[in-house]
Structures are given as C-alpha cells and as structure tokens.
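Please read the structure below before turning to the comments.
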Amino acid sequence: MFKSSTSRVSLGFRVVHNGKSRRPHRQLTTPAEGAAKPSATPTNPPSPPPPTPKKGGVFFKLFGLTTVGVGGVIGYAWYDAEFKKLIEENVPYSKDAFDVIFPYFPDIQSFKTVEPPVPSKKLEPIATDVPKKKVETSQVEKTAQPSKPTPPPKPTPKQAEQTKEKEINDKAKQKEAVARKLKEKEANEAAENAALEVIIENLIENNTKFIKSAVEAQQKVVDYTKAHTQALKKAMDDTSQILDKDKQWEAVADAFSIRESTVQEANRISDMAKENLEKLKKTIDDSKKDAVLKKNKILKTAQQKLNEFNNDINTVLSQVKKEESEARVMTKYKDLVDKGRQQFKKELESIMPDVKIGDKKGKKLSEDELNSLIAHAHRRIDQLQKQLAEQLAHESQRIDKALQIQRVEDEKIAQTRVGLERQRLRDQFSLEKDKWEEDARVEFEQELRQHLARQAAAHSDHLKDVLKIQEGEIAQQYERVMHTRLIEERQTFQSEVAGWIARLKGIETAVDARAENEKTARIAQELWLACIAMNGVIRLGKEGGTSGEEKLQPLSKEAVAISEAAGKHPFVQTVLQSVPEEALMRGVWTEDSLKERFPKVKRICKRVAMIDENGGTLFRYFLSYFQSFFIFNSVYAKSDSDSIEISELDTFNILAHADYFLEKGDLLQAVRFMNQLQGEPRRVASDWLKEAKLLLETRQAAYALTAFASASGLGTIF
C-alpha cells in the first residue's frame, strides 16, 4: 500500500511539473508541492543565503574522524589476534607500527574475567526450612558446652541430588573435552602424516626423474670416454696410413670436445640429482626425529628408494672413474710418445740444421746428408737396443713399480666401493632395524592390549557384582516411587487424553469440511476452465485457421470435458443437451468470421432487394441491381431505447441497421434485423442467419455453463 501510494504521488508530481497532462482535474500533488507553487500575488524578496561555514571546521572534523577510526582499528587489533593478523597481511607497514605501539599496551590476558571460586561442599548454606526452635536449642547447647565443636549440618536430599547432578555433568563435560582434544590431536596427526606423504611422494617422483637423467648422462660419459680412448689408441698405434694421420687426430680432438661437453652436462645433472637426494634424506631424517611422523610407513619406502637411488648413481660413477683411469693411462702413453718424437726431431735438426723436417716443399737430401742420416739411424738403433737391454734388465723393477701404482689406484677404488657398500649395508640395516622395532612395538602393543583386556575383564566382573547389588536396592526404591508416580501420571494422562480426543474430533470435523470445500472448489475450477476452453473455441475457432471454414472446430471434446468436470450434474447435462448437434460435430463460425462474411451478404441482398418470394424478370433483376447504387445507409435506431416501426423498414434499412449493430459487436440485434428480410434477400442471407443463430445458441449455452461454474466457485469461498 505504501509503495503504490508513493508511486502515485510521484507520478502526479511529474505530470504537473512537465505541464503535459490531458486531464488537469486528475492531477495528484502532495501538500509540499501545493505549498511550493507560486501564487499570483507579489511575494517578499528572498532572504539572504546563510553564511558559509569556515573551512577550518571541516579539517578538524576529518582529523577527528581519522583519529577515532585509526584508534578503533588499533584497539580492536590489540583485542583480537585474528583481526591483527588480517590487518598485517593486507595493510603495508602495519606490522611495524603495531610492534612500536603494542609494547605500551597492557597484556590482554590480564583483562580476562576471573570466574568466582565454587564453594566447597562443607561451606554450603544451611537450608532455610530448618525450624527456629532447633536453631535456638543448638545455640544454647553451644553456649553450655563451648569445648565441643558443632557438627556440620547435613545437606538436604534436594541439595545432595543437585550436587550429584552437577558432579555428573562436570565429569561428562570433562570426558567430552578430553574426547574433543583427542579427536583434534588425531586430526592434526593425520593432517601432518598426509602432508608428509605428499611431500615424500613428490620428492621421490622428482628424484626418480633426476636420477634417471643423471644415470643416462653418466652412461654417455662412459661411452664417449671409451670412444675417445679408442680413437687416441688407434691414432697412436696405426702406422699403415701415415698420410691420413691428420684426419685421425682431428677425430681424436672431436671425440675429446664431445667428451668434455658431456662431462660438464653430466656433472650439472648429477649435482641437481644430489641436491634432490639431500632434500629427500633431510626430510626422512627430520621425520624420524618427530614423535608423530616417525611411525609413518612411507618413511620405509622412502628410505628404500633413497638407497636404490644412491646405489644407481654410485654404480654409474664407479664405471665413469674406471674409464677415466684408463683414459689417464692412455694420455700418459701419448705424452711419452710425443716426448720421444720431439727428442728425435731435435737430434735430426742438430745433425742437419739446413733440412726442415716435415716440410713438403723442401729440397732433396744430398748423398752426404743421406749418409749422415743413415749413420745417425744406425747409432740410434744401437742406442735403442742398449736401452731395450737395460729395460729388459730393469723390467721386473718397472713392473713392480707399475703394479705398486696400480695397487694404489685399486686400493682407492676398493676403498670407495667398500665405503659405498658399507653405506648401503648401513642403510639396509637401518631399514631392518626399523622393521624389527615396528614388529616389536606391534607385538608389545598386542600383549599390552591382552593384559589390559584381562584387567578390564576382571574390573568389569567386579563392577558387575557391585552394580548388581546396587541395582537390586535401587530397583526396590524405584518400584515404590514409580508406582506412586504412575498412578498420578495415569490420572493426569486420562484427563488430558479426554480433552485431546474432543479437540481431535473437532479438528477431524473441520478437516473433513475443509476437504469437502476444497474438492468442490477444485471441481468448480476444473469446470470453469473447461467452460473457458469452450468459450475460447467459440470465440476464436481452430488455431491457425485463416478463413471461416478453416476455423471450424467441433465442440464435442470440450462438451465431454465439461460433463466430466461437472460430475454429471443435472443442470450441466440439461444445458449441454441444448447445444445444437451441428455445433458439437462440426463447430460454429466465429463472430469475426461472420463479420467478415457479412459485407458480401449485404452487397448481394442490396442487389436483389426488389425481388420477392415469387422471383422476377430479368429487367426487374437489372433494375434492382441498378437501384443498389443509389441507396445509402440510413440508421435511425441506434440503441435499444429507440422505437422503430417494423412495417416501415425496407431491405436497405434492415441491412443498414444490421451492419451498424454488427460493427458495435451486438450480433443478437443484428440477427433480429436480418430476420426481418423477405423475398430473395432473405433467401440470400439464410445461410448467414443460420450460422449466426447457431453461434448465438451455442454461445448462450457456454455463457450459462460459465456462470454456473463461477457461482459454484464463489459458493466454496463463502
């Protein structure tokens, strides 16, 4: 109501303000608007405007509001730690400001309310229903015998019962608090273990990828080191193709560069793998030190995986060291060969300084130079033979020295492998130890549970005996109290049941009446809807039809629906029987279709207006046709109150009046006028009259059924 009145007032104001209302007498204005309208009489000059406020007041207001807001935020942050944390996360530099301000504030714990101490049972007040005489007597006895202490008063049964209930409630609350704390502890432990499992699974997955990459990279190092060693050995030992030595040494250089790049990449990947292994190892060690996490089974799996990873990486590293050792031996051999070649080259240069060794463009050697070269070669051969003899003589010493060097290398490798194997065995032993500890703990827990179960069973038997005795005593007392209470409750219940039965009967009667009204209302609604459907078909015809014939739709389906909705009511059946059979089987023309058809009927009736029932000659037809062009419509009865003489009406007047009332929507009055036609015009309009009468009869029956349905529905309301 308030909303609608407000919208009306605002609408009236808008119309008056714009000055565009077509109905000035309906303008709605508020009293404030009426007072605001200018009058025709002259008014006093407007009062001077109020003085402007000082700008300093606005500044002090803003400063005060800012101070109050900041102080409120700081105070609430001091009171609520959650709010303080939220401010520190969202407002920059707020944490520093709180650290400077809060040391001057008192501790929030000192402001917590202290619960009053609960009085003990010995200090409970004496019941108020103690007789005064007894109190006076006790006072006299106390005066007479001051040395004998007065015993504490015994609590009343009501106070004892209240105290017992309070103790039970306190114990229940304590149990609930302990159970809640245990659940919270278990939930926190489960969350920590779940987080640990996720972390370790991610670390294992990452380490699997890195270890696989590292092993593949180190294997490539092994392969490329072998290739470089073989290429170097081939270039040094192969003397069959002296002209292709440059290509062989180029291949050695390429193999060395590939080996170096592969070694660098493998070292980088191995470092990353070792870092991830250290992360996994640190996580496992930290978890084993934690009392909650050390029992997690994933630590065993993680330790096994860690051992496997270390074993894989150490195995491939040992292969790399072996290949590098062989490469170093081959490199030393190459250095010795290069040193011998350089020495031989220097000797030749000292003998033949003019000859450039290795120069392809140099001149040919002379006979003396060749002789000198041959002589030097013989001396060199003799020297090498002597050196070979010395080498053979000292061969055992050199072999012993080489074996000593190799023994040192083998010892280093063996120590490394022994250390790795020792670490692997130590880790495996640690896993076995953890497994043994777990088995021992499980076995101990089982024995402890069995022992506790035996103790609990013995304690349960003892409690069962005690409770059985107490049960007998309490059962006797309970039987007495229950018998008395049962009699009282039965009497009260019987009286209440009698009252509730009376109320229930009244409710059943009201519900039955309400159900009957609802049933009648539902039938009335269904009947009304069926009647509306029939009226719709009568008024609009078949959906999608364009001409009058296409809009014809049988009404039998709607009639059956009305009959079923009315439940074979006598009035409805009588009205339905009055509906023409043709309307039920074929349908009726709509009023709009009859209106569209009427101009054609009217035109033909005008053309044969002079022809009577007996017909006429061709000349008379022509004369009647010619006359229709010179007769205009004249309507002088435009309402039901206007009188008219039927005998004075001719065909043109009848058609004009019928057309007039048909345009006004009064089909019944139009049919009445068309029914007055005589002769050939009546014969021409007979089909139209028949359809119009069929429509009126059917519509009258439909209106009667709709009125009956509406009356039935209104009857259920009142």
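Just so it is clear, glycine is given a Cβ too, placed from its N, Cα and C backbone atoms.
Please treat TrEMBL annotations as automatic predictions, because they have not gone through curation.
For the ranges 58-79, 520-541, the feature annotated in TrEMBL as transmembrane segment maps to 58-79. Here the coiled coil (367-394) returns a mean pLDDT of 74 for the predicted model. Helix, strand and coil content of the compositional bias 'Basic and acidic residues' (161-176), in residues and according to DSSP, is 16 helix, 0 strand, 0 coil.
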